[in-house]
Every structure is written in structure tokens, then in C-alpha cells.
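A short worksheet on the structure shown next.
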Amino acid sequence: MEALTTSRVVPVQVPCRKLSSLFANFSCLELRRYPCRGLVSIMNHPKLLRPVTASVQPHELSTLGHEGNIVPSKEILDLWRSVEAVCFDVDSTVCVDEGIDELAEFCGAGKAVAEWTARAMGGSVPFEEALAARLSLFKPSLSKVEEYLDKRPPRLSPGIEELVKKLRANNIDVYLISGGFRQMINPVASILGIPRENIFANNLLFGNSGEFLGFDENEPTSRSGGKAKAVQQIRKGRLYKTMAMIGDGATDLEARKPGGADLFICYAGVQLREAVAANADWLIFKFESLINSLD
């Protein structure tokens, strides 16, 4: 998307505090062997994460020149209220962190990987190129990923649990579509009550000794345009009349196309990516905006 190649990212400065609310234990990993000899992937091994989440309270922000889509039109509100399915990005949307950046920092390569993430989310490099480059910088082993999941429970964005609960109460299906890793998203889905079959994400691959081998390139979310294909696949399979995509990055915006999402809502409560926000149907900084509009 050429219009996004010069996207500027404005980090949203938010204080963070841990919450003491507890969630039911859930499994997050499982070893799965692939037909290719020596290839192993982790999926749902019964390893417990401490059920602790974190929340942020965003400061009031200036509109930064996006007044036109901060207040939604009647047409946009009607679309939102008529959706039958909502697809969420995960990193910097459902969760306050970029998962791959956090894993890289845990493995000692945080700064270099974060720079690649900014380029990928702004749309200045193909997503598959950025994904491969980032993983090559730290090559996480199976044991390191397991350790990370044990020590770093998901940190959810404020209001996301309430929004998902509201959507589900209104019989609206919820999906997670992410360029991140399924191993790190499964726990998030468990907290939110989202079925595993409603997750579209990448998968890390490991050898028999737990060494890093790469990622599954057959996943649509492993390449540019993949989120759009995932949304189109969902729509075709479930015959939804109206769908929305909520996220912060260029790959989320791409999901709004014929046969895909009818509505793109840019969530800028963590990162404001200006070119993405400017092209959104609706720009929000808090999920409460969406919750209240459903009443």
C-alpha cells in the first residue's frame, strides 16, 4: 500500500499498572510433529501461565489532525451496530505489547527487532520480509519460548474484556487475526473466551531438540495481505453479511476490501500510526467508545 510507506508512528505514552484479578488456569503449549522429519511446533502443551494481566490508563490525547474520523458518521455507526463478526488484531490492540518485540527483548535482541516491527507495521517493507528478518535476529528456542510464556503473562488493553463480552452477548462472533505467534495468542484467547478455531496467526517451528527452525509460511498471516485473505476466508466460510476489522497497523487496514471487512476501526490507544489512522473509517483511543455505541 503505497500510501502507507511514509507512515509516522506516534507512541502513545501511557502509565501501566498490574492488576490482581485472577483468571482460570489454561493451557498454552503443545508439541506437534510435522510430516517433515525433525520438524516440531508448539501448540497446546499443558503448561500453566500465572493468571495475571496488566492494564493501562491512556492519557487524553490531541486528535493530531484526524478530527474527520474520530466522531463516526451515522453510516459508520450503523455499520458497526450491524456487524455479525469482529476481527481483532492482537499486538498493540487486544494486548498493549508487540509480542515479537517482547519475546525478542526477553531473548536479548529487543532494540533491533523493535526497529523492524515499526517498519513492518507502517507498511514500508513487506510483512514476510520483516517477520523473517526479526526472527533471524534472535532465533528463539522452544525452551526460551516456554520460559517467556511462563514469566510474561498477557497484558490486555483496557476495556477489551468488556468489549468482547458485549459483542458475544449480542451474538457477534469474535476472531483474533495476528501476524504474531499462535503460541503467544492462545493464552489471550483463553482469557477472552475466544475459541481456538477463531484464531488466525503464525506458528513457530522447532526441531526435535527444540532448536528454532523458522515459521510456517503456509499461514496466510505470514505475508503481506494475509490478514485480508484471512478475513475473506472467514466471510466466505461463515457467510457473514457485515464484518469489522479493528487494529493499529497497515496489515489491519488491508483487511478492508471487497469480500473482506466492511469497516476498519483504527485503535490508537497504544500506537498511533498516522497513515493508518488517516485511512480508517473510525479512529478510537479507548474501547469504551465501541462499547457505548452498542447500547
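Just so it is clear, glycine is given a Cβ too, placed from its N, Cα and C backbone atoms.
According to Swiss-Prot, ARG134, SER178, GLY179, LYS227 bind substrate; the candidate from GLU98, GLU161, GLU197 that the record adds to this site is GLU98.
Matching ASP173, ASP216, ASP248 to the Mg(2+) binding residues that Swiss-Prot gives (ASP89, ASP91) identifies ASP248. When Cα-Cα distances from SER178 (substrate binding site) are compared across the recorded positions ASP89, ASP91, ASP248, the shortest belongs to ASP89. Here LYS227 (substrate binding site) is compared against the recorded positions ASP89, ASP91, ASP248, and the shortest C-alpha distance is to ASP89. For the binding site of substrate, formed by GLU98, ARG134, SER178, GLY179, LYS227 according to the record, the largest Cα to Cα distance is 19 Å, rounded to a whole number. Cα-Cα distance from ASP248 (Mg(2+) binding site) to ARG134 (substrate binding site): 19 Å (rounded to the nearest whole number).
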